[in-house]
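Pulled from Swiss-Prot, these are the features on record:
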{"type": "BINDING", "residues": "A3, L4, Q5, F6, G7, A8, G9, N10, I11, G12, R13, G14", "note": "NAD(+) binding site"}
Amino acid sequence: MKALQFGAGNIGRGFIGKTLSESGFSVIFSDVNQNIVDAINYNREYFVKIIGSNQNKTVNIKRVSAINSNDSNIKKIISSVDLITTAVGPTALEKIALIITQGIIFKIKNQFTKPLNIIACENKIKSSSFLKQVVLKNLPIKYHDYLNKYIGFIDCSIDTIIPAINNKDDLFLTVEEFKEWIVNINQFKGAVPKIVDMKFSNNLDAFIERKLFTLNTGHAIAAYLGLIKNYKTIQDAISDKKIRVIVRSAMEESGSVLIKRYNFNKNDHLDYIEKIFLRFENPFLSDKLERIGRNPLQKLRREDRLIKPFLGAFEYNLPYSNLAKGIAAAFYYHNKNDLESIELSSSIKKQGLESTIIKICDLPVNSKEVYSIILEYNLIKKIIR
């Protein structure tokens, strides 16, 4: 069995590539970083340190190779593999779709009918379904029947924390023991691959939003609040009592939306929040706030980790004040090394805060949602001082 993994970063190597290799796949990584591509091809293996609650261990990941995403030979690889996975970030999916489309055309022209399943592992709800629509848009209509018969696009939810830690070995990674990979079993074409610890669900939306509204929401809010106070790591941020209360309360507010929407058990969900907090506190998984907070425009989109639960609270007439504080902190964020942060700050300066919120978050003009964010923005430094 062969798999092509787009993205050889932390999640790509430390979670997906590792899991696929442990499941017996030969894994080909595709990335635009030629240094990483060369390192994988030179070593043909890499090491991952797993941080557990009781003990740590290091595992050796074998059967790996790599190719640059711009290499024309990638279409041949796409036509021959059994599985494609991605961990490139939601904004890069459209570029990946163009590459996949060329591979599918090559597969069709060579009359290959072996089913191919594609799992986009991104922080975007139904990212594989989105990827499918982009592929269909670029694929000639005469090939659509082939795609619908032989190409599966499987939506999923992934959950793990892999911090950015500087190592002498460019391929070495440190990961947490906790990992979750839940997929929609109904979307596979052909035989369902046997992948270690992969879970199947018929109600994937609930699990996708549970992870997005809890881990991602809490992570982002802790980062943006922490950066205002010049903290460096997630552990520093949640050690601050005021920030800790806001983050925990925001996660409970987003949790109330999940409980209402999906009929989750309240006590079970509070336990889930507690587990997330314990993961944030793990000193061996120290994660830099600048990494967590990067790309604020993406994180402030209507369907992402901050605005979506916030709007859910309005939808069900539930508390939202701490979510609003977190969103306000995101608009406060400025990092001269982050292009999206620079664009965000420039928009606030030129167009004003209100217009920027309306545009980026796709919120109604003169709405309570917008004014609640503005209110918290004007108070944010006093709140966490």
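In case you wondered, yes, glycine gets a Cβ from its N, Cα and C as well.
Sequence features, as recorded in Swiss-Prot, placed on the structure.
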residue : record              : contacts (Cβ under 8 Å, 6+ apart)
A3      : NAD(+) binding site : L20, F25, S26, V27, I28, V81, D82, L83, I84, T85
Q5      : NAD(+) binding site : G12, I16, G17, L20, V27, I28, F29, S30, I84, T85, T86, A87
G7      : NAD(+) binding site : F29, S30, D31, T86, A87, V88, G89
G9      : NAD(+) binding site : D31, A87
I11     : NAD(+) binding site : A87, C121, I158, T160, I162
R13     : NAD(+) binding site : F29, Y46, V48, I61, L171, L173
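Secondary structure from DSSP puts G9 (NAD(+) binding site) in coil.
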